[in-house]
C-alpha cells in the first residue's frame, strides 16, 4: 500500500475521483462554516455593542458575515444594537442554514462522483483515451471566477442588487452596512477606502472574464505547453497552491495592519493604533475643541463616546495576546461594564501629571508620572527607603472627568495608586471577571488569530508550491526507472483504473 503522505497519488489519473475529493472538501468547509456560525450565535451576547462587541467575545465567522451586509438575527437583534428587527431570510441563521444545506448537497455530489468516476466527459472523443484539456479548463474556471468577481463588485457592493458592505469612519464609531460607489481615481488605491474595493472587484472581474475567454478560445504554443508541463495535473496543483498562499499572505497583512475590509468595529483595533496613540490623540483633539468652545473639563470629557474611550485601552490591543492563551478577550480581563472616566493626576503644586503608558510587548511596567515636558515627577517606587517621588511625598491626587466617576477627586494615596496602576493600560474601565471566570491575562482578538493562522498556512503552502512545482518540472528526473520492473509497474495508463488489475487495457 501507499504510505500516508502519498495517498493523494491515487487521484493523479482519475479525474472523476479528483472531482469527488474536491466536492467533499468543499462540503467540509461549508459545513464547518455553517456549524461554526450556529455555535457562535448560541454563545453571542448582543446586548452591549459598545463595551461587549463581537470581537471582545471571540467571534470569528460573525464579523465576516457582518462586513458583507448580514447584521441581523431571526431572534430580532442586530449587531448595531437595534431590537425587534426583521432581517428576512439573509440573517445570521439564514446564512448558516444555507451553508449547511449546501454542505449536504455537496456531500451527495461527492458520493455520486466517487461511484461514477469513469465518465465519457473525461475521454478524448478522437482516441477514446482518458484525457483532460487542462488549458481549456483553466479558461473556463478563470471566466467563471471573473464573472463572480465582477458580479460581487458591480451588484453586491454597489447596492444595485445586494446590501453593500460595512463602512465606518476612521475611528470605528459610526459603522453600518452601506452601498458603496466605485472609486476609479488614485484614491481607490488607498487601502482604507471602501470605494477601491468595489472598483477593483469590477476591474479584476472584467480582466478575468476577458482572460478566461482568451484561454478558452486560444491554444497555448506547443513549446510553452511543454515547458510549463501544461498537460500534467500536478502543474495545476502547484500553481493553485501558489495562488492560495499568495492570497493568504495578502489577507494576513490586510488583517494585521488594517484596511477597509477589516473594520475595527468587527475585528477589533490593530496593535499600531495603540503603538501610535491613535485614539488618545483623537480623544485629546475632541476635548481641546470642546474646551475652546467654552465647555468645562467635565462637559468636554463627558462628550467623548464610550466606544472611542474603550478603543484607547491596551486590553483591546491584539498584540497583547500570547501563544496558548486560548479563548476570547473577555476571558482575560473580563466583560467591560463601564468607563470610569478620564483620570487626571496632579501633584501638590497642582501641576498636571501624565502616567506613562505600557508599550505593547511589556507584561509588567513601572508606574511613572511625568509633567508635560516628560520630566519624572512621581512614581510608585520598588524600594521605598530610597524613594523621592512617591505619591505620599509628592502629594499626588486624581480627578475624574467623564464616565462613572465624573467630577470626583481622590486624595488618599492607596486609592490614587490603584488608579495610576490602571492608567498605564490607557482609559480605565470596570470589568466583570466573575461571569466567565476571567483570569486577568490578556487575550488577542479574532484579528490576531486570523493573522497568525493565515501567516502559518501561507508559509506551509509556500513549501507545498515549491514541492509540487519541483515534482512536475522534474518528474522525469525524479522517477528514474529500474529496468527490472515489469511494464505494469512503470507504464502510465497500463490499467484503466490506477491499481485495479481487472481494468488492464
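Glycine is treated like the rest: Cβ placed from N, Cα and C.
Mapped onto three states, the DSSP output places residue 8 (chlorophyll a 2 binding site) in helix. Residues or ranges marked as chlorophyll a 2 binding site in Swiss-Prot: 8.
Per Swiss-Prot, transmembrane segment is recorded for 20-35 (among others), and the stated evidence type is experimental evidence.
Taken from Swiss-Prot, the feature transmembrane segment applies to 100-114 (among others).
Beyond its flanks by at least six residues, the transmembrane segment (139-155) meets 161-162, 182, 197-217 of its own chain at Cβ-Cβ distances under 8 Å. Annotated transmembrane segment per Swiss-Prot: 139-155 (among others), in sequence order, evidence recorded as experimental evidence.
The chlorophyll a 5 binding site annotation in Swiss-Prot covers 141. Annotation note: residue 141 (chlorophyll a 5 binding site) sits in a helical segment as assigned by DSSP. Neighbours of residue 141 (chlorophyll a 5 binding site), defined as other CB atoms within 10 A of its CB across all chains, total 15.
Sequence-distant neighbours of residue 156 (chlorophyll a 10 binding site) (same chain, 6+ residues apart, CB-CB distance under 8 A): 68, 69, 162, 163, 164, 165. Here Swiss-Prot flags 156 as chlorophyll a 10 binding site, drawing on experimental evidence.
The annotation chlorophyll a 14 binding site is assigned in Swiss-Prot to 200. Taking all protein chains in view, 16 other C-beta atoms sit within 10 angstroms of the C-beta of residue 200 (chlorophyll a 14 binding site). According to its DSSP assignment, residue 200 (chlorophyll a 14 binding site) is helical.
Sequence-distant contacts of the transmembrane segment (202-217), counting only residues of its own chain at least 6 positions beyond either end whose CB sits under 8 Å from a CB of the stretch, comprise 135-136, 138-154, 182. Positions annotated as transmembrane segment by Swiss-Prot, on the basis of experimental evidence: 202-217 (among others).
As annotated by Swiss-Prot, transmembrane segment applies to 236-251 (among others), with the evidence given as experimental evidence.
Per Swiss-Prot, transmembrane segment is recorded for 456-471 (among others).
Sequence-distant contacts of the transmembrane segment (456-471), counting only residues of its own chain at least 6 positions beyond either end whose CB sits under 8 Å from a CB of the stretch, comprise 234, 237-239, 241-242, 244-246, 248-249, 252, 478.
Residue density at residue 8 (chlorophyll a 2 binding site): 11 other Cβ atoms are found within 10 A of its Cβ, drawing on all protein chains shown.
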